[in-house]
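What Swiss-Prot says about this protein:
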type: REPEAT; residues: 16-111; note: repeat 'Solcar 1'
type: REPEAT; residues: 120-208; note: repeat 'Solcar 2'
type: REPEAT; residues: 215-304; note: repeat 'Solcar 3'
type: TRANSMEM; residues: 22-42; note: transmembrane segment
type: TRANSMEM; residues: 89-109; note: transmembrane segment
type: TRANSMEM; residues: 126-146; note: transmembrane segment
type: TRANSMEM; residues: 184-204; note: transmembrane segment
type: TRANSMEM; residues: 221-241; note: transmembrane segment
type: TRANSMEM; residues: 281-301; note: transmembrane segment
Amino acid sequence: MPTQMEVEYWRRRYQRMNYERFAAANVIALITHAATQPLDMVRIRSQMLQEGKTFSGLGYQKGWYPFQIMEEIYAAGGGLRKFYSAFDTFFFRTVGYTTARVTAFGYFYDKVNKDPRRVARPDFLVAAGVLGGFIAGVVTNPIDIVYNRMQVDELYPQAARRNYSNTVQGLAKVAEEGALFRGAGANGFKLAAICSSMTNIYDWCKENSYFFFGPHWINRLWGTAVAVAIGTVVSMPFDMIRTRLHTMRPLPNGQMPYNGMFDCFNKIIKYECNSKWMSNFGSFYAGGEAYFLRLFLICYLSQFLVDYYNENYYDQEFWQPQRFHYQSGIDYDIHDPYTDAFNKKLVATYTTAAGGMGAAHPSGKDNLAII
């Protein structure tokens, strides 16, 4: 008869991408990205309106507030469909990004975490996030260029618009320019920053708040908020650079405004972040409110969808291996195959629920009560 630890090992031994994870991850991504796509449109248009201008203050982009941009997009006609540019490109971008990110991260995570019953060390988790995120960003760069250009096309005069009608035409036009991997480095670093920064912070926040609040919904809420805030801070400068490189056009002299990621970074610092013009580093965070809110909603909603998928009934980390002992701190040598959520579920079911361990009570009828 195998022990519970052996059962857990064999049940969790495969940590890479498989058909089940492919289907679950992409369905969840399509739901959450579809619900938050209008915020992505606001984010990228805020970044385009910031180009070439100084940034004074924090929390607004030279007077272009996120909700004002959203209202103007909607008022321009086309209804909600306008926020999605082209449904086929939105679909391919979401599925491609999700598949590449989960596949790459799972591959490297499997390499650094040999025991699937435990969570990898924080530094190993960061390494897997950096490698997996960077590769995913580079691989999905062509479809990102097409989609980003579609999102900002209406900001240009009619004669200067690219007018991509679908994904295939957009990819063909970008390939003619020889720009399929323009900005791929910045795109890779953006995803690397997101994947490597948020998981560890989220775990740390939840583990420490559990000591004070117990199994409460506030743990998930504030842990997600803190992780997304840090993820926004470290990833958005790369996102700004990526947007500039993806959407740039030749200047009147025939030259491109940016010669690469580092040149773009230096020019933003020199012309848009210069303190002589009452500006600051906030130029890299134009559209930051929409960026943060979208990322938060995606992360927070995804957790509940994963709960539903696993039939956990919103018990947090119901079957995830426990790695935190609340009385003694983190200890990777002690392993309990059951989580606190599962143990509490057992207590609630078999000691207080009707028909649980009533037979063990002296009367044979009353249930045991936890005092």
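Keep in mind that glycine also has a Cβ here, set from the backbone N, Cα and C atoms.
When each of 22-42, 126-146, 221-241 is scored by its Cβ pairs under 8 Å to the transmembrane segment (184-204), the top-ranked stretch turns out to be 126-146. For the repeat 'Solcar 1' (16-111), the DSSP-based tally of helix, strand and coil residues reads 73 helix, 2 strand, 21 coil.
For the transmembrane segment (89-109), the neighbouring stretch richest in Cβ pairs under 8 Å, chosen from 126-146, 221-241, 281-301, is 126-146.
Same-chain neighbours of the transmembrane segment (126-146): 89, 92-93, 96-97, 100-101, 103-109, 111-113, 120, 164, 167, 170-171, 174, 179-185, 187-197, 199-200, 242, 246, counting only residues six or more beyond its ends whose CB sits under 8 Å from a CB of the stretch.
Residues 47, 50, 183, 186-187, 189-191, 193-194, 197-199, 201-203, 205-206, 209, 261, 264-265, 268, 283-286, 288, 291-292, 295-296, 299-300, 303 of the same chain sit 6 or more residues outside the transmembrane segment (221-241) yet have a Cβ under 8 Å from a Cβ within it. Residue counts for the repeat 'Solcar 2' (120-208) under DSSP, helix first, then strand, then coil, are 72 helix, 0 strand, 17 coil. Across the residues of the repeat 'Solcar 1' (16-111), the predicted structure has a mean pLDDT of 80. According to DSSP, the repeat 'Solcar 3' (215-304) comprises 68 helix, 0 strand, 22 coil.
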